[in-house]
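Noted in Swiss-Prot for the protein shown:
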{"type": "BINDING", "residues": "Cys13, Cys16, Cys35, Cys38", "note": "Zn(2+) binding site"}
{"type": "BINDING", "residues": "Pro122, Thr123, Gly124, Cys125, Gly126, Lys127, Thr128, Tyr129", "note": "ATP binding site"}
{"type": "DOMAIN", "residues": "1-54", "note": "domain 'ClpX-type ZB'"}
Amino acid sequence: MARIGDGGDLLKCSFCGKSQKQVKKLIAGPGVYICDECIDLCNEIIEEELADADDVKLDELPKPAEIREFLEGYVIGQDTAKRTLAVAVYNHYKRIQAGEKGRDSRCEPVELTKSNILMLGPTGCGKTYLAQTLAKMLNVPFAIADATALTEAGYVGEDVENILLKLIQAADYDVKRAETGIIYIDEVDKIARKSENPSITRDVSGEGVQQALLKILEGTQASVPPQGGRKHPHQEFIQIDTTNVLFIVAGAFAGLEKIIYERVGKRGLGFGAEVRSKAEIDTTDHFADVMPEDLIKFGLIPEFIGRLPVVASVTNLDKESLVKILSEPKNALVKQYIRLFEMDGVELEFTDDALEAIADQAIHRGTGARGLRAIMEEVLLPVMYDIPSRDDVAKVVVTKETVQDNVLPTIVPRKPSRSERRDKSA
């Protein structure tokens, strides 16, 4: 029963038995009562069951062509990188499911090894964004780590296990879900050792970090401090198996193209030589011919390279691609700023030559797609400051002159309504 005592008025939860005074809220139903704590517990159970149901099944796993098509909606260009990533990600999650089925099968299982991904390419060309978009499509936990902050265990800096903590946090501390997530390690070229020969002195932020990453890249049972920071003997650890975690490591690898050119051979001189414009050279895939020996010469250790069998490279974006990035993707910058202005009741328009001028500036600055937002902020700052305080603006037009000559955008005044005209005449 829901009442305590023979004639008492004190109600209690029909499920946990706690009295009205022991809980925050008691909700009544036909002959029963339920407390807020039991409701929270029910919600947690339902969420866990739904999360288990949301696990990617092989028949539901998007095919490589579907993954590439999804990426096309968000990322402009980089077709080779999209294809490489689509195949690698599809095979990775297929491998996880093959492992689960293999445990239940009577046939002799074939163990499929993990294929982590190495992404090479200049800054601002979409490496991070490609990985983020992939994680969003697959609905798996995703974490980004910066390799420059990592040091070997026992030295000032972050331990490599802190990368895994970020993934666990992204999965809301659901370790089982985190164990099939994606970790993106950026700036990996900055942990290259200083020369291709093994160092006699300790290189704690270069070769030492590469050595520390080997085990978690390959797959190991790692102990992660729940609060981050350094390990100490008297704390509890979160245990996570990295066997099914997909690692995508990326970097700009400035100078690697020279190493590749030295190996491949310099282009010939004279009448028979191929002449290419600067624009063609800038957008060439310098890393298409990369070999493991080039990466070793750059400063990565052979064991580290061996754990990154899939190599995807991105190229510098040309003017046409940058213009498309501004206007075509689902969350394009132009669409974002149009929405911001709409919230103030003002229409925003960019002329075609204005978009080309913004792309030219990004190329001139050498910041790639990452620099587009900074340029647009500079261009729109004066009107974004004034417009919220004004009610006489209908439209703002950004032209080529606005971008190149730093002049104010064209402001189209709002026509007064009939009632406003009547008030003025009165």
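Cβ atoms here come from the backbone N, Cα and C positions, even for glycine.
Same-chain residues with CB within 8 A of the center of the Cys13, Cys16, Cys35, Cys38 CB atoms, the Zn(2+) site residues themselves not counted, are Ser14, Phe15, Gly17, Lys18, Val23, Leu26, Tyr33, Ile34, Asp36, Glu37, Ile39.
Each of the binding-site residues Cys13, Cys16, Cys35, Cys38, Cys125 was scored by the other Cβ atoms within 10 Å of its Cβ; the lowest score goes to Cys16.
Here the binding-site residues are Pro122, Gly124, Gly126, and the one ringed by the most other CB atoms within 10 angstroms is Gly126.
Packing around Thr128 (ATP binding site) is summarised by its Cβ count: 17 other Cβ atoms lie within 10 angstroms of its Cβ, all protein chains included. Each residue in Gly121, Val314, Gly368, Ala369, Arg370 lies on the same chain as Pro122, Thr123, Gly124, Cys125, Gly126, Lys127, Thr128, Tyr129 and has a C-beta within 8 Å of the C-beta centroid of that ATP site, without being one of the site residues. Around the Cβ of Thr123 (ATP binding site), a 10 Å sphere holds 18 further Cβ atoms from the protein chains shown. Working note on the binding-site residues Lys127, Tyr129: by count of other C-beta atoms within 10 Å of each C-beta, Lys127 ranks first.
Among the binding-site residues listed (Cys13, Cys16, Cys35, Cys38), Cys38 has its Cα nearest to the Cα of Tyr129 (ATP binding site). Taking the Cα of Cys35 (Zn(2+) binding site) as the reference point, the closest of the binding-site residues Thr123, Gly124, Cys125, Lys127, Thr128 is Thr128. When the C-alpha distances from Cys125 (ATP binding site) to the binding-site residues Cys13, Cys16, Cys38 are tabulated, the minimum falls on Cys38. Across the residues of the domain 'ClpX-type ZB' (1-54), the predicted structure has a mean pLDDT of 78.
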